[in-house]
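What TrEMBL annotates here:
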- 1-21: region 'Disordered' (REGION)
- 33-63: region 'Disordered' (REGION)
- 47-435: domain 'Catalase core' (DOMAIN)
- ARG91, ARG131, PHE180, ARG377, TYR381, ARG388: heme binding site (BINDING)
- HIS94: active site (ACT_SITE)
- ASN167: active site (ACT_SITE)
- 425-453: region 'Disordered' (REGION)
Amino acid sequence: MENGKAASQHNSNGQKRQSAQFADQQVTLGEGGETHQVAGNGTPVLTTQQGVPVADDQNSLKVGSRGPTALEDFHFREKIFHFDHERIPERVVHARGYGAHGYFELYESLSDITSADIFQRPGEKTPAFVRFSTVAGNKGSADLARDVRGFAVKLYTKEGNWDIVGNNIPVFFIQDAIKFPDLIHAAKQEPDRGFPQAQTAHDNFWDFASLMPESMHMIMWIMSDRTIPRSFRFMEGFGVHTFRLVNAEGKSTFVKFHWKPKLGMQSVVWNEALKINGADPDFHRRDLWDAIKMGDYPEWELGLQLFDEDFAEKFDFDVLDATKLIPEEVVPVRRVGRLVLDRCVDNFFAETEQVAFCTQNIVPGIDFTNDPLLQGRNFSYLDTQLKRLGGPNFTHIPINAPKCPFLNFQQDGHMAMTNPKGRANYEPNSWGAQGGPRESPKGYHSYPAEESGPKLRIRPESFADHYSQARQFYISQTPVEQDHIARALIFELSKVETPAIRMRIVSHLLNIDEELAQQVGDGLGLKQLPKPAEAAKPTRKDLKESPALSILKNSPNSFKGRKIGVVLTDGSDMALLQALKKAVKEEGALLEIIAPKVGGVTASDGTWVEAKQKINGGPSVLYDAVVLLPSKEGAKLLSMESTARDFVADAFAHMKFIGYVESAMPLLEKACIADSLDEACIALKDGADTTKFVEACRQVRFWERASKVHAV
Ligand code: HDD
């Protein structure tokens with residue numbers, strides 16, 4: 001006995017350890033139907049990776065009660081060894097993401113334009129996995145970073161996996177994949193200091209952008225509200241590049257892919273985004289998880305813009321240039337099916353982290369074009385999966401494996417899980433039916449486009465116009481959205497320390513829109529505007545507005561899928577609350593209760609109402625609209641609570657609809673908005689008012705208030 005201490009067995013809490021009682025029972029668990037031994041309390045028995053039952057998982061094996069740990073402790077070594085190796089490299093871009101399962105359902109046969117199996121039979125469902133992401137931030141960064149969102153879709157078709165690895169923006173920063181490492185280095189944290197995290201608001205990014213005029217169209221998009229979406233459910237997705245669809249006769253049609261959200265588009269405002277990041281850095285992933293768990297399945301329609309060589313020849317821009325789009329008013333989007341996400345992952349690592357999207361994953365009937373960005377991506381994705389997932393057999397991981405049969409002679413390698421059987425591991429062979437798989441004429445054929453020309457490192461002349469579509473995007477926005485673009489530019493550039501970089505960006509803005517350049521120059525306090533940047537193509541085309549590019553011009557006029565935060569206190573009017581709940585439910589929206597204490601409140605009729613959030617944990621930025629239902633006493637209490645005052649003041653500043661009862665006035669006064677109440681602040685007297693309130697919320701925001709809340 002070392003130091004005379006008794007060697008009784010205790011767990012980490014110092015309590016006497018219950019010795020595991022093993023019953024003679026067995027339990028069947030999991031889809032695999034494995035049987036497990038059952039411990040006394042009905043749970044399965046803990047085992048090592050080798051299946052050895054573990055009797056003590058609280059203490060390592062020691063020599064004496066206070067002596068050194070024995071190297072012999074195989075359970076300890078296995079456990080620690082495995083823990084030490086839990087992490088894999090995070091994605092070099094799009095590290096932070098969130099995925100879900102679902103399906104794609106086809107509306108109409110597209111056999112006239114493509115032989116792709118997925119597009120043949122109306123009503124057929126194809127399993128899908130989707131991962132949404134931010135680009136620049138690390139895995140642990142916050143969801144509401146101002147950033148492009150990745151929208152990557154894996155479709156497990158009957159003729160192989162097809163990945164559409166897109167974004168929520170239809171254009172890109174650069175035209176040639178060779179610039180991708182520079183773009184990403186510039187956007188991510190600066191290498192010496194390791195910050196800023198998940199932000200482009202720093203010198204390196206804007207320095208690079210200012211020297212790459214081809215990024216200007218994308219700059220307009222990323223400074224718009226597209227980069228602060230309300231949630232993944234409220235944003236569009238785009239395949240970005242021009243692809244080809246090829247039919248059974250070998251005829252090719254060009255295509256651009258779109259995902260249109262059923263709930264319509266919606267974004268938050270910047271000040272809200274900043275605060276959401278503090279209040280709930282997982283805001284977007286929680287939203288997706290909650291919606292699916294509640295059975296309110298997020299849905300998008302797949303849209304196709306189809307066009308032929310002739311159109312491509314005549315179009316103002318090169319369809320191989322990923323910094324350009326084709327306005328929907330020029331080539332309409334044909335909706336051909338829907339994507340529904342109806343199942344959360346069982347395990348984040350196994351599915352969301354290990355899913356490996358590759359632009360090279362296409363199927364018969366679909367083909368690439370010569371877009372130099374796409375061509376480069378086809379190398380990068382396969383390559384990066386090797387690094388991330390540790391070997392060429394990442395396709396054997398269930399989330400990556402096709403759901404159709406697959407057979408080939410690729411073999412061995414680390415962690416090979418699906419191994420060919422039989423003698424033949426090569427072809428041709430003369431083993432007949434025993435000789436394994438063979439090619440089929442129905443297999444993948446590349447579209448036989450004619451290509452020839454000298455080898456050159458050159459940017460085609462047809463890629464040279466960097467400002468016309470940037471301007472088109474800007475003039476297609478509502479004044480509110482234009483104002484947000486200007487404010488975003490001023491914010492980002494205000495974080496740039498080098499005046500020359502700010503000046504260079506303004507010199508590009510002058511080529512896009514003079515008023516915008518003026519406004520930004522003014523916001524930055526520039527004494528004088530610079531000269532417009534010299535353009536590769538000096539004449540900018542004056543393109544028509546494209547209303548499809550605006551979020552607000554395409555408002556859904558519905559509050560479906562949105563969330564109202566209701567502040568209650570003891571004594572809150574139960575009848576009003578019930579009426580509000582009914583109206584919200586009828587709209588297909590959600591209601592969450594916020595109270596001084598998370599336990600809940602006793603309402604006017606004595607009923608106990610449970611709360612979801614405590615007032616300082618559920619700020620109004622987490623809701624699309626708010627309702628203040630405190631009793632007189634409750635309002636007095638809340639008016640002395642700074643987080644309650646912030647709740648109200650922020651809802652007002654973020655232009656939200658506010659429903660309130662008369663007794664809430666002291667709180668509105670303390671939040672300094674009692675004198676500024678406008679038509680989006682709606683007094684609720686009886687049940688009918690609650691319906692009117694929810695109907696008013698369909699506008700989502702009361703933009704007219706903007707001038708009252710922004711003086712600077
Ligand atoms: Fe990329 C990931 C989207 C250009 C190289 N990209 C990645 C993801 C999305 C996109 C959504 C995350 C996939 C996931 O959830 O796992 N990328 C795009 C779009 C682009 C684009 C829409 C332009 C139209 N990407 C692009 C270029 C290159 C890459 C030009 C390199 C030449 N992208 C990668 C990568 C990543 C990636 C390094 C990192 C993790 C991964 O691939 O799986 O290979």
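Glycine residues also receive a Cβ, built from the backbone N, Cα and C atoms like all the rest.
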Cα-to-Cα gap, ARG388 (heme binding site) vs HIS94 (active site), nearest whole Å: 13
Where ARG131 (heme binding site) falls in three-state DSSP terms: strand
Assigned conformation of HIS94 (active site) - DSSP reduced to three states: coil
Rounded Cα-Cα span from HIS94 (active site) to PHE180 (heme binding site), Å: 13
Where the record names ARG91, ARG131, PHE180, ARG377, TYR381, ARG388 as binding heme, the maximum Cα to Cα distance in Å: 21
HIS94 (active site) versus ARG131 (heme binding site) - Cα distance in angstrom: 10
Among ARG91, HIS94, ARG131, ARG377, ARG388 [recorded positions], residue with fewest other Cβ within 10 Å: ARG388
Euclidean distance between Cα atoms of TYR381 (heme binding site) and ASN167 (active site), Å: 15
Same chain, 6+ residues apart, C-beta under 8 Å of the C-beta of TYR381 (heme binding site), given in sequence order: VAL165, ALA356, PHE357, CYS358, THR359, GLN360
Around the Cβ of ASN167 (active site), the count of other Cβ atoms that are within 10 Å: 24
Neighbouring C-beta atoms (10 Å sphere around the C-beta of PHE180 (heme binding site)): 18
Nearest-integer angstrom distance between the alpha carbons (Cα) of HIS94 (active site) and ARG377 (heme binding site): 14
Across the domain 'Catalase core' (47-435), average pLDDT on the 0 to 100 scale: 97
Helix, strand and coil totals (DSSP H, G, I; E, B; other) for the region 'Disordered' (425-453): 4 helix, 0 strand, 25 coil
Secondary structure content of the region 'Disordered' (33-63), with strand meaning DSSP E or B: 0 helix, 10 strand, 21 coil
